[in-house]
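Worksheet: the structure to be examined is printed underneath.
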Amino acid sequence: MIDLRALEKDFDTIATRLQTKGVEEKVLAELKELFEEYKKEKTILQELQTKQNSLSKMFGQYKREGKDINELKNELEINKGKIAAHQEVVRDLEEKLKNIALTIPNPPDPDVPVGENEEDNVVLKTVLEPKGFDFEPKEHWELGEKLGWIDFERGVKLAKSRFSVLKKEAARLERALINFMLDHNKEYGFEEVCVPFMANSATLLGTGQLPKFEEDLFKICDEDLYMIPTAEVPLTNLYRDEIIKDLEDPIKLTAYTPCFRKEAGSGGRDVRGMIRQHQFDKVELVAITRPEESDKVFDEMVKCASSLLAKLGLPHRHVMLCTGDLGFSAAKTIDLEVWLPGQGKYREISSISNTRDFQARRAQIRFKDGKKNRLVHTLNGSSLAVGRTLIAIMENYQQKDGSIAIPKVLESYL
């Protein structure tokens with residue numbers, strides 16, 4: 001959730017940054033109007049409370065001096081009633097502000113490039129150059145169907161479109177990749193955790209999926225439960241409503257989970273193949289840090305995911321997302337895009353995001369800093385999306401005879 005105190009101090013600067021993320025002017029105008037009313041009522045309340053303190057002191061002095069206190073007593077009662085009324089008004093305005101604030105995204109960091117969509121993202125660097133083929137490389141769905149690795153028809157029969165069945169070497173590779181990724185993440189200091197694949201509404205509110213993006217979630221009927229869209233949700237919320245006593249070192253977690261998304265906003269993109277599925281496997285990284293450590297940890301997480309792709313011999317690039325392409329909770333994001341020769345383009349395979357204290361404020365995750373309790377910073381990222389990694393291996397390691405070679409680092413996992 002956005003910092004209402006920071007908003008109070010510098011509304012215009014934060015509002016300008018939010019506009020670059022696509023927040024409509026009328027929403028910001030409504031927020032500003034409500035905020036001005038809140039500040040006015042809060043000032044009146046503070047003045048009434050100050051007056052009450054002065055009257056109370058005067059009342060005590062009058063009693064000690066034997067003066068008539070009836071008029072003063074009456075004034076105290078009247079002022080007390082005004083305080084109660086204004087407290088109710090302030091509470092009501094705070095609730096309205098909170099409800100609006102829950103639907104407003106995290107303002108982008110000042111160094112994030114301003115832009116409207118993915119066309120304005122900035123390529124930072126390329127790791128490994130795409131190799132040339134002496135034949136026309138095929139796309140993963142064609143390879144998968146010919147080899148009997150991917151069964152799209154039976155996926156639809158079992159569920160609906162955007163589901164698939166992995167068979168033969170593809171099923172074994174999926175399992176091998178999960179184990180390989182978890183082992184790799186452990187080398188970077190991430191502790192493996194097994195979490196529930198469902199989450200309640202408070203958990204999804206904490207990481208920002210609710211209330212705004214409920215349409216993209218699969219809800220369990222008659223239960224306050226949803227299928228998780230990413231392991232970021234349970235991993236981050238492990239510390240919801242907690243004060244971490246010792247956060248000298250960042251808490252670094254990794255987990256494998258299936259992920260479930262309706263893809264309500266996909267607009268019919270990537271209907272064919274496995275790029276965009278309702279259910280897909282992913283290995284996630286989450287870090288919980290002191291504010292002053294989050295930039296360093298962000299860089300470490302990017303390095304962790306990138307080195308995983310490099311171990312697999314997969315050409316990829318680092319892309320800084322512009323303000324208009326940032327996710328709801330992210331203040332800064334670097335995408336890793338892997339080269340798919342069959343498609344002849346780079347596709348996202350990992351997003352590493354620093355949410356600063358945005359999720360921590362929603363989930364009330366704090367740490368003990370001397371005598372004070374401070375909000376943590378939370379970070380998350382894929383290391384990696386397993387299905388897309390499988391796709392990348394199929395397309396980059398395809399042979400002229402239609403077979404697919406296996407990266408050497410995976411041989412011991414098969």
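Just so it is clear, glycine is given a Cβ too, placed from its N, Cα and C backbone atoms.
The L-serine binding site annotation in Swiss-Prot covers T230, A231, E232, E284, S382, and the record cites sequence analysis as its basis. A 10 Å cutoff on Cβ-Cβ distances gives T230 (L-serine binding site) a total of 23 other Cβ atoms nearby, all chains included.
Annotation source Swiss-Prot lists ATP binding site at R261, K262, E263, E348, I349, S350, S351, citing sequence analysis. In three-state terms derived from DSSP, E263 (ATP binding site) belongs to neither a helical nor a strand segment and is classed as coil. Sequence-distant neighbours of E263 (ATP binding site) (same chain, six or more apart, CB under 8 Å from its CB) are R162, D216, R276, H278, listed in sequence order.
With respect to Cβ neighbours within 10 Å, the binding-site residues E232, E348 differ, and E348 shows the lowest count. In terms of C-alpha distance, the listed binding-site residues T230, A231, E232, E284, S382 place T230 closest to K262 (ATP binding site). Checked against R261 (ATP binding site) by C-alpha proximity, the binding-site residues T230, A231, E232, E284 yield T230 as the nearest.
Shown in sequence order, A305, L309, D335, L336, G381, S382, S383, L384, A385 are the residues of the chain, 6+ apart in sequence, with a C-beta less than 8 angstroms from the C-beta of S350 (ATP binding site). Within 10 Å of the C-beta of K262 (ATP binding site) we count 17 further C-beta atoms, all protein chains included.
Closest in space to E348 (ATP binding site), of the binding-site residues given as A231, E232, E284, is E284, taking the CA atom of each residue. The local packing around A231 (L-serine binding site), expressed as other Cβ atoms within 10 Å of its Cβ over all shown chains, amounts to 26.
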